[in-house]
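**Q** Have a look at this one.
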Amino acid sequence: MMKSGAVFLVGPMGAGKSTIGRLLAEALRFEFCDVDREIEERSGVDIPWIFDMEGEEGFRDREESMLSELSDGSQVVISTGGGAVLRSVSRKLMVARGTVIYLKTSVEEQVRRTARDRKRPLLQNGDPGTTLRNLMALREPLYEEIADYTVLTDNRTPKSVVQELCEQLGASDLSAQY
Ligand SMILES: Nc1ncnc2c1ncn2[C@@H]1O[C@H](COP(=O)(O)OP(=O)(O)OP(=O)(O)O)[C@@H](O)[C@H]1O
Ligand SMILES: O=C(O)C1=C[C@@H](O)[C@@H](O)[C@H](O)C1
Ligand SMILES: [Mg+2]
């Protein structure tokens, strides 16, 4: 069942947080916010630029405060960035403010889904598979630590993931009526 407050999607790059977040919000008739997109829109610069100019820690500072600002309400689905769980302040905030969903995805599937675009600075150097495997080793315990629900996304359409989430959250999938 859903706790009161926000619904947070966590998981690695390519798990589908942005894709599924938007669809889940539609299905629940909730607002939708994407922390990465909101950081870019409000600052007027893109994430690779922020990593270049401010370093990863500069981006994490922005991410932590944006997450806090966006989640101060209810009936909202919030897609986080893959590394949002790195800050313990953010992990505590998500647990305190709502329901956390971990979109679990194999490294092989993450590689396939992220191969096409260049907007993820952490994947621009070295072999993406190796990077994603190393990131998962560090981060998966953190995703698992805070998750109320875990959903596997490999070999599934976004729609089928959303249907399962609606069932787990005890909400009827309003989009199924159309
Ligand atoms: N269940 C799915 N099946 C097939 N493709 C998917 C699925 N979910 C997402 N995708 C595709 O994978 C790509 C990456 O998805 P998305 O941008 O939603 O990931 P993300 O978790 O938000 O990543 P990031 O942490 O970098 O923001 C997109 O092209 C999207 O269309
Ligand atoms: O996994 C990560 O650390 C990141 C994921 C993306 O969502 C962005 O937040 C950024 O590219 C960093
Ligand atoms: Mg995203």
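Heads up, the Cβ atoms here are built off N, Cα and C, so glycines get one too.
Straight out of TrEMBL:
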BINDING   G14, A15, G16, K17, S18, T19, R120, R156  ATP binding site
BINDING   S18  Mg(2+) binding site
BINDING   D36, R60, G82, R139  substrate binding site
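For each listed feature, how buried is it and what is near it?
**A** Within 10 Å of the C-beta of K17 (ATP binding site) we count 30 further C-beta atoms, all protein chains included.
Secondary structure at S18 (ATP binding site), as computed by DSSP, is helix. For S18 (ATP binding site), the count of additional Cβ atoms within 10 Å of its Cβ stands at 16 [all protein chains shown].
R139 (substrate binding site): 18 other CB atoms within 10 A of its CB, across all protein chains.
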**Q** Between G82 (substrate binding site) and K17 (ATP binding site), find the distance joining the two CA atoms and give it rounded to the nearest Å.
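**A** Pair distance, Cα basis, whole Å: 9 Å.
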**Q** Please name which of the binding-site residues listed here, D36, R60, R139, is nearest in space to G16 (ATP binding site), Cα against Cα.
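**A** The answer is D36.
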**Q** Given the recorded substrate site (D36, R60, G82, R139), which additional residues of the same chain have their Cβ within 8 Å of the Cβ centre, ordered by sequence?
**A** M13, E63, T80, G81, G83, A84, V85, L86
**Q** Work out how many Å separate T19 (ATP binding site) and D36 (substrate binding site) at their Cα atoms, rounded off.
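**A** Roughly 13 Å, rounded to the nearest whole number.
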**Q** Write down the Cα-Cα distance for R156 (ATP binding site) and R60 (substrate binding site), rounded and given in Å.
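**A** That separation, Cα to Cα, works out to 30 Å.
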**Q** Where ligand 2 binds, which of the binding-site residues G16, K17, R60, R120 are close by, with Cβ under 6 Å?
**A** R120
